[in-house]
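Enquirer: The coiled coil annotation in TrEMBL covers 109-202. Look at TrEMBL and you will find 1-110 tagged as domain 'WH1'.
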Amino acid sequence: MGEQPIFSTRAHVFQIDPNTKKNWVPTSKHAVTVSYFYDSTRNVYRIISLDGSKAIINSTITPNMTFTKTSQKFGQWADSRANTVYGLGFSSEHHLSKVTELECVSSQANAVHTHKSELNQTIQELEETLKEKEEEIERLKQEIDNARELQEQRDSLTQKLQEVEIRNKDLEGQLSDLEQRLEKSQNEQEAFRNNLKTLLEILDGKIFELTELRDNLAKLLECS
């Protein structure tokens, strides 16, 4: 709906003398309409006063702004944005009290809005932090799963290595046994060849003796 007036009254408008910072300088020759506006879209309160077509007050209410009642019919507030202090003189104490009340309500509303905005920002930051933590937890879970998988692979490889080592020991034992058997076989073959050589030598001797015996017999037969 935008900005809407919520209260209007008439008052004499003053600004503090920028030179002395003490004396009040009237900004209108007579009482003018002073209106409170509320912008529901932005949740902002504003005090506006026109002297003809000239805006003599255009002050946005902020949480740190305070409307001070200095007498029964006069109140003032400092506007840091406009770099001045405004003063309003009313015809009755009732009008001053109404403006004071509205200023208090608007300041509180602005403070609540500011606090709400800060809370929303804090909530958003916490949600972002929570999201980052959840993503980090998921990454850690993935890393743990990967580590477990690697550990399982390592354990499997270790087991296979142990099996290969056992098999190698068995093969080494078999090879050693074969080497011993081969050596024994070679020794037996060498002994057999030696025995055979000895036997052949004996046979050669026997044959020689038989040959001599035959020759002798043949001579004896010739003599007889």
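Glycine is treated like the rest: Cβ placed from N, Cα and C.
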Enquirer: Determine how many residues of the domain 'WH1' (1-110) DSSP places in helix, in strand and in coil.
Expert: 18 helix, 54 strand, 38 coil
Enquirer: What is the pLDDT of the domain 'WH1' (1-110) when averaged and given as a whole number?
Expert: 89
